[in-house]
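Structure, as structure tokens:
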Amino acid sequence: MQVHNVNLTISAVRPEQYPDAKLPEVALAGRSNVGKSSLINTLINRRNYARTSSQPGKTQTLNFYNIEDLLYFVDVPGYGYAKVSQKEREKWARMIETYFSTRQELKGAISLVDARHEPSELDCQMIEFLHYYNIPVLVVGTKIDKIPKSKRNKSESQIRKKLQLTKNDRLILFSAVDKIGKDEVWNWIESITKVN
């Protein structure tokens with residue numbers, strides 16, 4: 001998809017703040033600092049539109065990015081950051097569950113994992129959670145440029161096995177640096193949102 005117009009419409013914490021436009025939505029979820037902002041920036045051909053941060057736990061709201069008035073990317077707060085209080089984590093969990101369990105416009109979720117490491121228990125829980133709500137899932141293994149080509153198949157099978165991916169779940173290896181996987185991610189987004 002050629003992207004020229006992007007706009008951060010709203011940062012929401014409650015359903016009444018979600019956008020009214022009945023556009024399809026794709027959520028992006030993953031651990032803090034897994035590369036959600038880098039994926040968004042790569043997909044929309046911008047360098048720093050979605051703020052990348054060296055400080056984990058920076059995204060604390062559901063950020064709705066309007067893409068060409070055709071769909072929304074919804075950036076979900078990163079999980080697994082230890083310096084966030086238990087109370088704050090519970091608040092985020094409620095906010096995220098409300099969104100995933102009630103949002104009619106949500107067409108699918110991209111779950112990001114760091115391809116250099118085995119997925120964590122929290123990564124596994126996220127996939128289980130998405131399966132529970134019957135949300136189509138694309139798993140994106142990030143930072144693939146840091147893995148030698150000879151070891152990428154091993155990384156891919158490790159992710160599949162640990163996350164217990166079903167035959168309906170797609171897995172794409174991705175690099176924001178080399179743009180590996182960018183077109184495949186867009187193809188998946190277009191297929192589930194029916195936009196192109």
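Cβ from N, Cα, C; glycine included.
What Swiss-Prot records for this protein:
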- 30-37, 57-61, 75-78, 142-145, 174-176: GTP binding site (BINDING)
- Ser37, Thr59: Mg(2+) binding site (BINDING)
- 22-195: domain 'EngB-type G' (DOMAIN)
The one of Lys36, Lys143 whose CB sees the fewest other CB atoms within 10 Å, among these binding-site residues: Lys143
Other C-beta atoms that fall within 10 angstroms of the C-beta of Thr61 (GTP binding site): 15
Where Lys143 (GTP binding site) falls in three-state DSSP terms: coil
Conformational class of Lys36 (GTP binding site) under the three-state DSSP mapping: helix
Separation of alpha carbons, Ser37 (Mg(2+) binding site) and Gly30 (GTP binding site) (Å): 11
Chain-internal residues, separated by at least six, CB under 8 A from Phe174 (GTP binding site): Gly35, Leu39, Thr42, Ala115, Val140, Gly141, Thr142, Ile144, Ile180, Gly181, Lys182, Val185
Mean predicted confidence [pLDDT] for the domain 'EngB-type G' (22-195): 91
Integer Å distance between the CA atoms belonging to Ser37 (Mg(2+) binding site) and Thr61 (GTP binding site): 14
